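For reference, the structure is listed below as structure tokens.
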Amino acid sequence: MSTQNKDWLCHILASITIVLWASSYVLTPYALQSYSPTALSLLRYMFGAAALVIFGCIKRIGLPKLRDVPKFFLAGALGITVYMVAYNIGAQTLSGTTCSVVLAMNPVFTAILSHFLFREKIRFLGWVSIAIGFGGILILTLWNGALSINIGILWVLASAMLFSGYNITQRQYSKDYTPLSTAIYSIVAGAIMLFVFLPELLPQLQAAPMEHTMIAAYLGLVPTAVGFVLWTLALSMASKTTIVSNYMFATPLVSMVLNLLIAGTWPDTSTYVGGAVIILSLILFSVFNKKAQPLPQVVSPKEK
């Protein structure tokens, strides 16, 4: 297959993945009507991890070295266990569009961590773009008044910061393992740690309507497992990583459209204003920081 044809296929795969991830932002609040944030995290990743284990067996990725197992549990804690619980807590009070806007800041947080941990340069205008992005976060958080703080925003913001730590671990671990294997090991490790919430999940599983359980299964099997595989495939085929990664800028817009189609609701004014500021900051950061060392491009295990 020619490079041009591969890039066209990458566009298709990336587009599908973004739609799948955006759907998770919209559907999560429905599952949270019957499941607690911790129980939903476990149920979702029971499905997702099981599907990826089967996929890993088909691809014959094997097992990690014993000495590296603690590393993958660290990655799983950052990018799966704590991340997912924090996100679900925030999603209880936010729309899917708002969540996707806040999580869109993740590449910037990853760049900041890389700057301090690995001395990767961020140009001056890159820092200005970051400041603009945080201004957008403040608009989302304080829109209803200086003393009215939306705690849900802070939880989702914390989850975005946690996931940036996961990104750093994936970058380091990929020196010894493929991106496919590192992500599968980390997701499985994170799912294992979520089993501490099994006693909480079981009674909720019995009481929950079937449609909410099916949504949880969808979240694990489709945005998590299928989305992850498609994104990995797109990255592996692209002539330039940015051909794929730039699609993440479209996630909030796709989330807004899906939220309108599924829930029939429009975002509130703060999401329009704050979201526009954040997306502008991300575009400016991508442009102004292009000549500096690139952002670490790693495979996301979501939805985000």
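Even glycines carry a Cβ here, placed using N, Cα and C.
Taken verbatim from TrEMBL:
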DOMAIN    10-141  domain 'EamA'
DOMAIN    151-286  domain 'EamA'
TRANSMEM  12-32  transmembrane segment
TRANSMEM  38-58  transmembrane segment
TRANSMEM  70-89  transmembrane segment
TRANSMEM  95-117  transmembrane segment
TRANSMEM  124-143  transmembrane segment
TRANSMEM  149-168  transmembrane segment
TRANSMEM  180-202  transmembrane segment
TRANSMEM  214-235  transmembrane segment
TRANSMEM  247-266  transmembrane segment
TRANSMEM  272-288  transmembrane segment
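For the transmembrane segment (12-32), same-chain residues at least 6 beyond its ends with a Cβ under 8 Å from one of its own Cβ atoms are 40, 44, 87-88, 91-92, 94-97, 99-100, 103, 211-212, 215-216, 218-219, 222-224, 226-227, 230-231, 233-234, 237, 243-244, 247-248, 250-251, 254-255, 258-259, 262-263, 300, 302-304.
The transmembrane segment (149-168) shares more Cβ pairs under 8 Å with 95-117 than with any other stretch in the list 38-58, 95-117, 180-202, 247-266, 272-288. Tertiary neighbourhood of the transmembrane segment (247-266): same-chain residues 14-15, 17-19, 21-23, 25-27, 95-97, 99-101, 103-104, 107, 275, 279, 282-283, 286, 304, selected by CB-CB distance under 8 Å and a gap of 6+ residues from either end. Summarised as a single figure, the pLDDT of the domain 'EamA' (151-286) averages 88. For the domain 'EamA' (10-141), the DSSP-based tally of helix, strand and coil residues reads 110 helix, 0 strand, 22 coil.
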